[in-house]
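Report on the structure given below.
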Amino acid sequence: MDTCFFCGAVDLSDTGSSSSMRYETLSAKVPSSQKTVSLVLTHLANCIQTQLDLKPGARLCPRCFQELSDYDTIMVNLMTTQKRLTTQLKGALKSEFEVPESGEDILVEEVEIPQSDVETDADAEADALFVELVKDQEESDTEIKREFVDEEEEEDDDDDDEFICEDVDVGDSEALYGKSSDGEDRPTKKRVKQECTTCGKVYNSWYQLQKHISEEHSKQPNHICPICGVIRRDEEYLELHMNLHEGKTEKQCRYCPKSFSRPVNTLRHMRMHWDKKKYQCEKCGLRFSQDNLLYNHRLRHEAEENPIICSICNVSFKSRKTFNHHTLIHKENRPRHYCSVCPKSFTERYTLKMHMKTHEGDVVYGVREEAPADEQQVVEELHVDVDESEAAVTVIMSDNDENSGFCLICNTNFENKKELEHHLQFDHDVVLK
């Protein structure tokens, strides 16, 4: 029994049946690309990585032939559209067919494609399209990428020369400028030239103009030292550099005796003296002189919107970092930092640092990671890990005028205790009772 090669369900030997029409796979052609059915089937076999061996006399029923014809039409339209879009994209990146922004002064010149170049043999166009259709997809993609990279590597010797359209094949020309696959006329494309308002140079596209502006006219002004001629990237770094001409280093503050481990930390500290307050909160509008102060301030807004609450003691925190520090108090195997003068120990180094201020003038002290066994016994008896942070900061709020406005956490001076208390509460998440 002679059945359809593709579906195997239709009997093609019955000449009296309504489905007696038969299509030879080696000779019948699909209407869109005018390629044989065998070539379409070979392409489908390549998609599933299968070798197709068509026997002479293999035929298709009308239904299967129509399905393959529909598939062929879709593929031809797809390749036509893909060619048009990829060519237009490459043109947009290489000054072809750029559309200017509104309000810009441009020079417009219309591109006209001779009709004689468009009206060519339809079979030649179909051949070119179907060659793309039967190519392996990965090979096709690689070819497109290679073509694009090669064009990107070509240097434009004279940007002011008139743009010359590259040679394209007939299929591309019709897809871009002539008639579409359905016979409708497409609007004529226009190329544009744009002029730099700063130097007057003319470019073929808005893309090239923006590249020119970013490279030639958007450079940050150099800040040059009037003494030695060294260049710094901004005014602040130049101010820090002036330390070298005053007998200091870039790790020392110009306005106070403080010194830091890195120049960037020195610069952050000096912003406190400048008090420019160039960092602004986007939610409430408050301005700060240092970026870390703005960061701590943002944590306050985050705590108001979504506070982090300890499930053990029900205390709320502004950030995950401070919450993680707090959870150490509830752990039995938490890390300890022991005072070298008294038996107290702390989970945080900065609380130990503040605690050590209570021993100033008594002895020369240090920091120990471990305590002797006899001192650990005293620690357990004193229960020093209860509310240790509050006990540690009491030295800051004492009546000592020397330390009354000095933050031991970030080494910042304040005019009075009230400002210091506000700073500790909102910038370092210290609970003051």
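Glycine is treated like the rest: Cβ placed from N, Cα and C.
Counting Cβ atoms from all protein chains shown, C61 (Zn(2+) binding site) has 23 others lying within 10 Å of its own Cβ. When secondary structure is read from DSSP and collapsed to three states, C61 (Zn(2+) binding site) falls in the coil class. Per Swiss-Prot, Zn(2+) binding site is recorded for C4, C7, C61, C64.
Look at Swiss-Prot and you will find 149-162 tagged as compositional bias 'Acidic residues'.
Averaged over the domain 'ZAD' (1-90), the predicted model reaches a pLDDT of 83. According to Swiss-Prot, the domain 'ZAD' annotation covers 1-90.
Feature annotation from Swiss-Prot assigns region 'Disordered' to 141-162.
If you look up Swiss-Prot, you'll see 187-193 marked as motif 'Nuclear localization signal', on the strength of experimental evidence.
The zinc finger annotation in Swiss-Prot covers 194-217 (among others).
Per Swiss-Prot, the feature zinc finger maps to 223-245 (among others).
Swiss-Prot lists 251-273 (among others) with the feature zinc finger. Using a Cβ-Cβ cut-off under 8 Å and counting only residues 6 or more beyond its ends in the same chain, the zinc finger (251-273) has close neighbours at 236-237, 239-240, 242-243, 289-292, 411-412.
The zinc finger feature in Swiss-Prot is assigned to 279-301 (among others).
Feature annotation from Swiss-Prot assigns zinc finger to 308-330 (among others).
If you look up Swiss-Prot, you'll see 337-359 (among others) marked as zinc finger.
Per Swiss-Prot, zinc finger is recorded for 405-428 (among others), and the stated evidence type is sequence analysis.
Taking all protein chains in view, 12 other C-beta atoms sit within 10 angstroms of the C-beta of C7 (Zn(2+) binding site). For the zinc finger (194-217), the number of residues in each DSSP class (helix H, G, I; strand E, B; coil) is 11 helix, 4 strand, 9 coil.
Counting only same-chain residues six or more apart in sequence, the Cβ atoms lying under 8 angstroms from the Cβ of C64 (Zn(2+) binding site) belong to C4, F5, F6, C7, V10.
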